[in-house]
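Right, one structure below, let's go through it.
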Amino acid sequence: MASSAGLALCAQTLVVRGGSRFLAFSTTGSDDDCVFTYDCSTAEKKATPEDKGEDGQPADTGSDSILASTFSKSGRYFALTDDSKRLILFRTKPWQCLSVRMVVRRCTALTFTASEDRVLVADKSGDVYSFSVLEPDGCGRLELGHLSMLLDVAVSPDDQFVLTADRDEKIRVSWAAAPHSIESFCLGHTEFVSRILVVPSHPELLLSSSGDGTLRLWEYRSGRQLQCCDLAGLQEPGEQPGHKGLAASRIAFWGQESYVVLLCECVPVVFVFQLDASRQQLVFRQRLTFPHRVWDVVFEEARGLWVLQDCRDAPLVLWRPVGGEWQAAPDGAVSPRLCSHLRESWAMLEGSVGTDDSFRSLYKATFDNMTSYLKKKEERLQQQLKKKRQRSPFPGSPEQTKKACPGQSALSC
């Protein structure tokens, strides 16, 4: 899966990442001059046994691109994983790198526990490892494993359950204290599960998105599906039909009015829903359209929806609800210095310009067996006919004439 530019936010601290670098600053504008910058290419690299190829020589060490990042619940800690198979942990007040630790495989997602004592990382081989926050140099511990690639991991707000989403359409709910003990499976998706989110204000509910182009609501402890929203049915006339390209790269929740937004990588659209908790249903509200590709979105509780887009002049925009409709905030709502920092650091975002859909390779390959069978049958019949013609002489050929001569002479006698 390719790395793309992304956002992470906690309280008023916003992180913008791209390539191997990230910038961290305040969204208020009062601390715009206090910008923390980090480049993973400068981080310590340690060789592991998995880094050696079959011939014993060092294998590809990676590009240092950031694959995933997240804040802890309080915002006190920030963690990221990169393409060089490292987990890097930071303290945010003040910003300081606490540790650089190696992971076994390249990671696809990570999250902090609610107690902020551990970081859970999910990797491409289907395993989840936990790393201590309180012991920054401690090694990772294997917690659980799937038989296929993991695409997301989440923890319930009470730290009782670990939820994992994989390429084989499954969402597993495991007990955190004994991850081998499975509480339930949430089954129903027909393609890979790209993202999951436990609803913060309703911790018994789970949102999930998939390559099948649906957004689903679950009561995850029982594995019961409450609702399935087909995103293809929300497209405008003339847009490309079908579910491919509607796998969400981000599900975000805004606690103020229970808004849920869904960002899909292949369309410059953000779908807006509202959660009706009393009915346990999602209500579709609006489609936000953009003239540029949207890389990521994230909610700030006090202000609205931040949107990171492929536009050098306005890389970061803010959207707010006005009279029940989401609208782009005036230019003055986004600090000029904040946008200036991003324009000056545009080189770190350029690597995400024009990148392909990172989920494209995850779709199941489909085969039309009947068409293939009929085609092969036709080819076989044509070959048989060709061989038959080669064995049989054509009418009027010398061989045909010779065979006819004895009969003719007998009649003449």
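Glycine is no exception: its Cβ is also placed from the backbone N, Cα and C atoms.
Not measured: the values here are computed from a predicted model.
Checking Swiss-Prot for region 'Disordered' across the ranges 40-73, 380-413 points to 380-413. Ser392 (phosphoserine) has a Cβ environment of 11 other Cβ atoms inside 10 Å.
Within its own chain, the repeat 'WD 2' (102-141) is flanked in space by residues 1, 46, 48, 50, 62, 67-74, 76-77, 79-81, 83, 85-87, 89, 147-159, 162, 164, 166, 176, 179, which lie at least six positions past its ends and keep a Cβ under 8 Å from the stretch. Residue counts for the repeat 'WD 3' (145-185) under DSSP, split into helix (H, G, I), strand (E, B) and coil, are 0 helix, 22 strand, 19 coil. Per-residue confidence over the repeat 'WD 5' (289-329) averages out at a pLDDT of 94.
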